[in-house]
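Here the structure comes first, spelled out in structure tokens, and everything after it is commentary.
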Amino acid sequence: MTSEKVETVVAGNYLEMEREEEGSKSTTGKLSKFFWHGGSVYDAWFSCASNQVAQVLLTLPYSFSQLGMLSGILFQIFYGLMGSWTAYIISVLYVEYRTRKEREKVDFRNHVIQWFEVLDGLLGKHWRNLGLFFNCTFLLFGSVIQLIACASNIYYINDHLDKRTWTYIFGACCATTVFIPSFHNYRIWSFLGLVMTTYTAWYMTIASILHGQAEDVKHSGPTKLVLYFTGATNILYTFGGHAVTVEIMHAMWKPQKFKMIYLIATLYVMTLTLPSAAAVYWAFGDNLLTHSNALSLLPRTGFRDTAVILMLIHQFITFGFACTPLYFVWEKFLGVHETKSLLKRALVRLPVVIPIWFLAIIFPFFGPINSTVGSLLVSFTVYIIPALAHMVTFASAPARENAVERPPSFLGGWVGLYSVNVFVAVWVLVVGFGLGGWASMLNFVHQIKTFGLFAKCFQCPPHKA
């Protein structure tokens, strides 16, 4: 029998009832717990780092060709820090919401808290609806992007099938994520995912340096404002992967320890993205403008094929990360979220995969779609809405006085915190959504005009006779 140990944890004003499971004493039980049941700080770090870097690792050199080397590096650092800030803000709001609810004796043991519920509990139904719309739409297209990336990558190993056919195949494969109950169960997958992207990043870096600069290579970026802001918005998308922050926090045994995890994960991710993007851009320059997937320019070797296979597995994992919150929303809508039957939940989840599959076939534009999603959805989902929600939540003096998490002292208290939130909201609204949205939509429409909807093989080289 599995016994439960309920522990009261007090951290400042934070009171939480934790539930820790004692696994079976058998070898099988211990192995299952080791690989399957994750809730530690390390699990959260692996989840954040693994989920953040994903397929954008392959499109960042493309962004560098649009931005130029200096702007590419600066935007990565800038948006990395900004993303870490809003992830921190989301974590503060989660802790505030959960603390208030647990003081009311609400039990979350069979219920996964999500971002729209945090907004609902703190600010009301209008904020809930806003958060639900942007979060679900972003995660929907985030899943679409992973599916497109699978087809784009496998094509560089096996081009006997076109990318659309590969999308059909991988759509069926990714549908198996319906059997993964929650973020608790991504322990081994998150770890392996980060190992895979680490290998791929350093392969790209070393292979580009060994290849040397291509003949007559040019580094003319930035040349057009449209390309410049498209590239910048892809980087905004890169460091805006924290639409699943609340679900990752909820999977932790001690969610209040999350505060700095995303920043530390981002710093590690930068050790992968900066060298790889810079090296590939140095080697291939403007050629990347027509090759949004960096792997398409690197010579085919066993190392490259290994990178492709590892990224395919990682994209399957990231598909699960993006889709699992959608599964939760759908379960709650149908009233089966708290059922203990895994098979019943899996069957209920299957319809969620169908629109993702369909959209990946309509818009197979690997690279350009990242920027479009970044400007129109990520800008609000993980930057603007969290910053505004935090300011409104703590607008009154009593709310600030009773806040569970106080502002860091080095910021200068509430004034400093509000100043940062205002800057983030205004910057992302003007540069990310405004200029980025304009540029990304122009580029996206250009891809549709060039390749058409339902493109059979986006950016595929002509087949040799």
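Note: Cβ is positioned from N, Cα and C throughout, glycine not excepted.
What Swiss-Prot records for 1-52 (among others) is topological domain 'Cytoplasmic', and it gives sequence analysis as the kind of evidence.
Annotated transmembrane segment per Swiss-Prot: 53-70 (among others), in sequence order. If one looks beyond the transmembrane segment (53-70) by at least 6 residues along the same chain, the residues whose Cβ comes under 8 Å of a Cβ in the stretch are 76, 145-146, 149, 153, 194, 197, 200-201, 204, 219, 221-222, 227-228, 230-232, 234-235, 237-238, 241, 269, 272-273, 276-278, 280-282, 284-289, 291-295, 311, 314-315, 318, 366-367, 370.
What Swiss-Prot records for 73-93 (among others) is transmembrane segment, and it gives sequence analysis as the kind of evidence.
Among the features that Swiss-Prot reports, topological domain 'Cytoplasmic' is placed at 94-129 (among others), with the record citing sequence analysis. DSSP states for the topological domain 'Cytoplasmic' (94-129), grouped as helix (H, G, I), strand (E, B) and coil, give 24 helix, 0 strand, 12 coil.
Under 8 Å from some Cβ of the transmembrane segment (130-150) lie the Cβ atoms of residues 54-55, 58, 114-116, 118-119, 166-167, 170-171, 173-174, 241, 243-244, 311-312, 315-316, 318-319, 322-323, 325-326, 329, 355-357, 359-360, 363-366, 369-370, 373, 377-378, 380-382, 385, 389, all in the same chain and six or more residues away from its ends. Per Swiss-Prot, transmembrane segment is recorded for 130-150 (among others), and the stated evidence type is sequence analysis.
Here Swiss-Prot flags 151-165 (among others) as topological domain 'Extracellular'.
Summarising the annotation, Swiss-Prot assigns transmembrane segment to 166-186 (among others) and lists sequence analysis as the type of evidence. Residues 36-39, 43, 47, 112, 143, 146-148, 150-151, 154-155, 244, 247-248, 250-251, 312, 316-317, 319-321, 323-324, 327-328, 342, 345-347, 349-350, 352-353, 356-357, 360-361, 364 of the same chain sit 6 or more residues outside the transmembrane segment (166-186) yet have a Cβ under 8 Å from a Cβ within it.
Under the heading transmembrane segment, Swiss-Prot lists 190-210 (among others), citing sequence analysis as support.
Taken from Swiss-Prot, the feature topological domain 'Extracellular' covers 211-225 (among others). Note on the topological domain 'Extracellular' (211-225): mean pLDDT across this stretch is 90.
Among the features that Swiss-Prot reports, transmembrane segment is placed at 226-246 (among others).
The topological domain 'Cytoplasmic' annotation in Swiss-Prot covers 247-259 (among others). The DSSP breakdown of the topological domain 'Cytoplasmic' (247-259), given as helix, strand and coil counts, is 8 helix, 0 strand, 5 coil.
Sequence-distant contacts of the transmembrane segment (260-280) (same chain, six or more residues past either end, CB-CB distance under 8 Å): 41, 44-45, 48-49, 52-53, 56-57, 60-61, 63-64, 69, 72-73, 76-77, 80-81, 83-84, 87-88, 91, 197-198, 200-202, 204-206, 208-209, 238-239, 242, 245, 288, 294, 297-298. Taken from Swiss-Prot, the feature transmembrane segment applies to 260-280 (among others).
Note on the topological domain 'Extracellular' (281-307): DSSP counts are 19 helix, 0 strand, 8 coil. The feature topological domain 'Extracellular' is assigned by Swiss-Prot to 281-307 (among others).
Per Swiss-Prot, the feature transmembrane segment maps to 308-328 (among others).
When Cβ-Cβ distances below 8 Å are used as the criterion, the topological domain 'Cytoplasmic' (329-349) is approached by residues 110-112, 114, 116, 132, 136, 178-179, 181 of the same chain, each at least six residues removed from its ends. Annotation source Swiss-Prot lists topological domain 'Cytoplasmic' at 329-349 (among others).
Residues 56, 59, 62, 140-141, 143-145, 147-149, 151-152, 163-164, 167-168, 171, 174-175, 178, 230, 234, 237, 292-293, 323, 326-327, 330, 440, 443-444, 447-448, 451, 453-455, 458-459 of the same chain sit 6 or more residues outside the transmembrane segment (350-370) yet have a Cβ under 8 Å from a Cβ within it. For 350-370 (among others), the entry in Swiss-Prot reads transmembrane segment, with the evidence type sequence analysis.
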Candidate ranges 190-210, 226-246, 308-328, 375-395, 422-442 - greatest C-beta contact count to the transmembrane segment (73-93) (under 8 angstroms): 226-246
The topological domain 'Extracellular' (151-165), counted residue by residue under DSSP: helix, strand, coil: 7 helix, 0 strand, 8 coil
Chain residues in Cβ proximity to the topological domain 'Cytoplasmic' (247-259) (below 8 Å; excluding those fewer than six residues from its ends, i.e. six or more beyond): 9, 11, 14, 16, 18, 20, 38-41, 43-44, 47-48, 51, 88, 91-92, 94-95, 98, 108, 112-114, 182-184, 324-325, 328, 405
Same-chain residues at least 6 beyond the ends of the transmembrane segment (226-246) whose Cβ lies under 8 Å from its Cβ atoms: 48, 51-54, 56, 59-60, 62-67, 71-72, 75-76, 79-80, 82-84, 86-87, 90-91, 94, 113-115, 118, 135, 138-139, 142, 183, 258, 262, 266, 273, 289, 321-322, 324-325, 367-368, 370-371, 373-375, 378-379, 381-383, 428, 431-432, 435-440, 442-443
